[in-house]
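Peer 1: Below is one structure. I have some questions about it.
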Amino acid sequence: MSIVVKNNIHWVGQRDWEVRDFHGTEYKTLRGSSYNSYLIREEKNVLIDTVDHKFSREFVQNLRNEIDLADIDYIVINHAEEDHAGALTELMAQIPDTPIYCTANAIDSINGHHHHPEWNFNVVKTGDTLDIGNGKQLIFVETPMLHWPDSMMTYLTGDAVLFSNDAFGQHYCDEHLFNDEVDQTELFEQCQRYYANILTPFSRLVTPKITEILGFNLPVDMIATSHGVVWRDNPTQIVELYLKWAADYQEDRITIFYDTMSNNTRMMADAIAQGIAETDPRVAVKIFNVARSDKNEILTNVFRSKGVLVGTSTMNNVMMPKIAGLVEEMTGLRFRNKRASAFGSHGWSGGAMDRLSTRLQDAGFEMSLSLKAKWRPDQDALELCREHGREIARQWALAPLPQSTVNTVVKEETSATTTADLGPRMQCSVCQWIYDPAKGEPMQDVAPGTPWSEVPDNFLCPECSLGKDVFDELASEAK
């Protein structure tokens, strides 16, 4: 069944209510998806894109009900990925000589998928036009790496419709086609999820490409995407959101995610979150167990956040596999303007923390101090976690803290004057163990109240057995 988009433009795509995985199993399409194909019937008949390959036969049969396939004059392929051009082989078997208009890179992609170099390819580049009669033209705009090298958009003059390819789309299936007909909360959640998980790596390209398109000074009455809704009501709203999201986007939000073997790291996550909330109640904090949560929801929250705390138990002296995989994915997504801190519990060694901190730094995050706890955290260890959260809230605050929390901090500092007189706490740079002068280290005959300067030179870190030379002043206390 076709749907009139505008005048002589019809949607001839395919809804996919059941799909739950995309890009293999990397993207969870919890609300299904659609594969949008458009038929333009002017003096020349143009088909823009096809559908996913698994619907090839159904697509060609439905298209045959709309038009004699021999009457299709041109096929435009904005993107060669299988969910866009997947039905080409089935269609071209019926009309093998029909010209295909696409970018030079798309020819390589199409042949790589379909293996038909004999098809009638016609290369287009930015600014090229194709006259389709009745005073209307198609104008082509290359958009390489949004999100494949072959990508382009197509603009139809007269009707002022931009066929935008993957940009401005969402994996969202609904019986209605237009943006003003669907649930707005669901729609914009899926738009942001789509951008965060698919287009984030190319944010640096989004703004200049949108600026280039706007530079054509062409009116845009509708944006017809390759997935999800057609934007007919205020279509520029999604363009404005893309410009916002592309500009090193962050909200006053912190995401905490972790994996754990014995719930020890979960206890740390909860305590850290408590400390953040105590110090800055304005900040939104979300906690996820990666083993039980939707990975794409976690990544969307990271995209929205000013910072992320990542927790892992130590297993075989490295981080938990699900954490390693998610950090690798964050590396590929290339988030910008975000801070990070690693935390976790361990038994006899804590190698995961150092490895995790390094990986987060390699992923482009600005790193804050990490935090370790040995075995199951007791009340003292949980208080250290809460204090870590308080310090994170202070360091990552986007605006001056509320006066009530500032007063609390001042009061705590006043009550701790005696402790402060003992000098700073010191942290082992290898295992992150903290020496607190107020507590000393009775196991090595270092009495409570002993400043670091008076600790014997033969002192060894209780965790990793290294000497005083590997200790640094605790970063949160450095002046």
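Cβ atoms are placed via backbone N, Cα and C, with glycine included.
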Peer 1: Given Swiss-Prot annotates Asp83, His227 as Fe cation 2-binding, which of Asp166, Asp174, Asp280 belongs to that site as well?
Peer 2: Asp166
Peer 1: The Fe cation 1 site in Swiss-Prot lists His79, Glu81, Asp166. Which one of His53, His147 belongs there according to the record?
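Peer 2: It is His147, as the record lists it for that site.
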Peer 1: What's the number of neighbouring CB atoms sitting within 10 A of the CB on His227 (Fe cation 2 binding site)?
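Peer 2: So the number of other Cβ atoms within 10 Å of His227 (Fe cation 2 binding site) is 24.
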Peer 1: What other residues of this chain sit with their CB within 8 A of the center of the CB atoms of Asp83, Asp166, His227, the recorded Fe cation 2 site?
Peer 2: Ser33, Tyr35, Asn36, His79, Glu81, His84, Asn165, Gly169, His171, Thr225, Ser226
Peer 1: Could you check which of the binding-site residues (Gly347, Ser357, Asp362) sits closest to His79 (Fe cation 1 binding site), going Cα to Cα?
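Peer 2: Closest by Cα: Asp362.
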Peer 1: I'd like the per-state residue tally for the domain 'Rubredoxin-like' (423-474) from DSSP, helix first, then strand, then coil.
Peer 2: 9 helix, 12 strand, 31 coil
Peer 1: Within 8 Å of the Cβ centre of His79, Glu81, His147, Asp166, which other residues of the chain have their Cβ, at the recorded Fe cation 1 site?
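Peer 2: Apart from the listed residues, the neighbours are Asn78, His84, Leu146, Trp148, Ser151, Asn165, Ser226.
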Peer 1: Sequence gap of 6 or more, Cβ distance under 8 Å: name the residues on the same chain that satisfy this around Glu81 (Fe cation 1 binding site), in order along the sequence.
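Peer 2: Spatial neighbours, sequence-distant, of Glu81 (Fe cation 1 binding site): Ser109, Trp148.
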